[in-house]
Amino acid sequence: MVRIVRSCLQSMLKLVNSLIGMVGIAMILYAVWLIRQWQEQMGNLPFADSDHPVPWFIYSFLGLGAILCVVTCAGHIAAETVNGCCLYLYMGFIVLLTMVEGGVVADIFLNRDWKKDFPEDPSGAFHQFSKFIESNFKICKWIGLSIVCVQGLSVLIAMLLKALGPHPHRHYDSDDEYNVSTVALLQDARQPPPYVVGEPMYGAKPGAWTVRLMKGQTGER
């Protein structure tokens, strides 16, 4: 029963983790599109040295998308191995991302002048993004809340997997995870058969005098 529950939780964590990875890939693609737009307008890449201010919005989207993809890979490894260290590392990354995203989302939804909290973006992408949020406020609100809920669900599933522990046939972190019947069979297989050390038991050998008497009796007959 525990094995079935563990397998279901592993599949659920991989599924939820894949959704986080899809969000990261979408952010990277959007950042690449913004880089393309910047190159068409300015004639060079935003990473090249220039006199223009740093396009922080493009950098932020690209970096956050890459971080989400790395966290997704770590989550798949943690879900497959059910290793305690990997699960703790994965949960730590997700909690940090959730705190940052939750702070940004709360500032956008609760503060009417949230644009003033961000620096000026020379690429103009931040202005377009803010206009899109204002025109589709309800949709963006539910999308943001869904992303935060998915990340929270991934942390909950990871905690349940850590409580169940790894598969018994893969890892033995403690003596309690050993199967008693398996250990007994292994001990029987490795234990040599019992034997008794002592002098060999042979029949009494006839002496030379006895042999002569027997030969003499045979000759008389």
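Even glycines carry a Cβ here, placed using N, Cα and C.
Worth saying up front: this structure is predicted, and the values here are computed from it rather than measured.
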VAL2 vs HIS76, membrane side identical per Swiss-Prot: yes
Distant-in-sequence neighbours of the transmembrane segment (54-74), which means Cβ under 8 A and at least six residues beyond its ends: 17-18, 20-21, 23-28, 30-32, 34-35, 38, 46, 86, 89-90, 93-94, 97, 119, 121-123, 125-126, 129
Contact call for the transmembrane segment (89-109) against the transmembrane segment (141-161), three or more Cβ pairs under 8 Å: yes
Beyond the flanks of the transmembrane segment (15-35) by at least 6 residues, Cβ under 8 Å: 45-46, 55, 57-58, 61-62, 64-69, 71-73, 75-76, 79, 123, 125, 147, 150-151, 153-154, 157
Confidence summary (mean pLDDT) of the topological domain 'Extracellular' (36-53): 68
